[in-house]
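Asker: According to TrEMBL:
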{"type": "BINDING", "residues": "Asp8, Glu39, Asn40, His178", "note": "Fe cation 1 binding site"}
{"type": "BINDING", "residues": "Glu39, Asp67, His151, His176", "note": "Fe cation 2 binding site"}
{"type": "ACT_SITE", "residues": "His68", "note": "active site, proton donor"}
Amino acid sequence: MKFLFLGDIVGKPGMSAVLQNTQRIREELDLDYVIANAENASDGSGLMPKQFERLIDGGIDGVTLGDHIFRRKEIIRTLEKSDRIVKPANYPDEASGRRWSLVKRGGRRPLAFVSIMGRVFMRPVDCPFKALDEVLAEIEPHTDHILVDVHAEATSDKQCIGRYLDGRVTAVLGTHTHVPTADTCILPSRTAFQCDVGMCGPYESIIGRDIERVTHTTRTAEPCHFHVATGDVRLCGAIVESDAEGRAVKIERFEQRVIVN
Ligand SMILES: [Fe+2]
Ligand SMILES: [Fe+2]
C-alpha cells in the first residue's frame, strides 16, 4: 500500500492547493489513499461541512482534525453522519464523532485512520496512550494498515506516542505545529514516523498567518485578527509505503510548491 498524508490545510490557499492538485498527485504517485488534516481549513480555524464535502469530492479519502475541531460548530453534523472524518480519539466519549474510521477503495486493502492529541502545552484531553490501546483493539479485526495523526505541540510528546505504537501501526505522523521536521524514519519495529509533516498552506507566514499581524500582537499584546497569509503556498505531507502486513517499508517527505488561483 502507498498512501499520502497531508498536514494541516490552512485557509483558502491551503484548500485551493489541495483541491487543485490532489487528483494529479494521486495519479503521478500512484497512491492508494490520501488522508488530510483539515483543522485549519475555515479561514485558518475549523472546518465547514461544505469544505469537507469538497475535499472528499476532490480526492481526499479521509479527514482528521485537532484542537480546532469545534471552531465551526456546523461540523458537528458532519462528524455525526460521515465515516470519512474522525475526532481525536482522546476527546470525550460524549463529543460528536468517531474515534477511528476505515477507507477502502476498489480491491485495495482498507486503511484505518486515527487522530490523537498530545497533552504537553495543549488543553486537557484524556490519556492518549489509553485511548490508543482501546482504538487499536477495535481496529484489529478490520485491517493491519493504520495511520495515526498525532496532533501535538511538543516533539517529545510525539516521539513518546510514536515509540509506544511502534510495531502496532503503519505510521505515526505529526500535525499541529505546521512546520515540517527533518526526522522521517522507520522505527525499529517498522512503524513510519515524522514529528510534523508540515502544513498545506502559505509558508510566507507565521504558521500560516499574516506575519505583520502576528508580530504586532506578539510585541504589543494587543489582540487583532490573524488573517491567513497568501505567499509561497506549499502542499506538505509524508508518503508511506507498507507491506501486506501493514508494516512500513518506506517513508518520504512530500513537499510541492503550487500556484493557486
Ligand atoms: Fe492544532
Ligand atoms: Fe493546525
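Positions of Cβ are set from backbone N, Cα and C atoms, glycine also.
TrEMBL: automatically predicted annotations, no manual curation.
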Asker: Could you work out which of the binding-site residues (Asp8, Glu39, Asp67) has its C-beta surrounded by the smallest number of other C-beta atoms within 10 A?
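Answerer: With the binding-site residues Asp8, Glu39, Asp67, fewest surrounding Cβ atoms within 10 Å: Asp67.
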Asker: If you take the centroid of the Cβ atoms of Glu39, Asp67, His151, His176, the listed Fe cation 2 site, which other residues of that chain have their Cβ within 8 Å of it?
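Answerer: These residues sit around the Fe cation 2 site: Asp8, Asn37, Leu65, Gly66, His68, Ile69, Pro88, Met117, Ala152, Thr175.
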Asker: Please report the Cα separation of His151 (Fe cation 2 binding site) and Glu39 (Fe cation 1 binding site) in Å, rounded to an integer.
Answerer: 10
Asker: Measuring Cβ to any atom of ligand 1 with a strict under-6 Å cutoff, which of the binding-site residues Asn40, Asp67, His176, His178 qualify?
Answerer: Asp67, His176
Asker: List the same-chain residues at least 6 positions away in sequence whose Cβ sits under 8 Å from the Cβ of His68 (active site, proton donor), in sequence order, or say none.
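Answerer: Same-chain residues close to His68 (active site, proton donor) (Cβ under 8 Å, separated by 6 or more) are Glu39, Asn40, Ser45, Gly46.
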Asker: Please report the Cα separation of His176 (Fe cation 2 binding site) and Asp8 (Fe cation 1 binding site) in Å, rounded to an integer.
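Answerer: Pair distance, Cα basis, whole Å: 7 Å.
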Asker: Check each residue in the chain of His178 (Fe cation 1 binding site) that is at least six apart in sequence and keep those whose C-beta is under 8 Å from its C-beta; list them in sequence order.
Answerer: Gly7, Asp8, Val10, Asp196, Gly198, Met199, Gly201, Ile207, Gly208
Asker: Which of the listed binding-site residues (His151, His176) has the least company, meaning the fewest other Cβ atoms within 10 Å of its Cβ?
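Answerer: His176, out of the binding-site residues His151, His176, has the fewest neighbouring Cβ atoms within 10 Å.
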Asker: Relative to the Cβ position of Asn40 (Fe cation 1 binding site), how many further Cβ atoms are located within 10 Å?
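Answerer: A count of 31.
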Asker: Which chain neighbours of the Fe cation 1 site, leaving out Asp8, Glu39, Asn40, His178, have a Cβ atom within 8 Å of the mean position of the site's Cβ atoms?
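Answerer: The answer, listed by sequence position, is Gly7, Ile9, Val10, Gly14, Asn37, Ala38, Gly66, His68, Thr175, His176, Met199, Gly201, Gly208.
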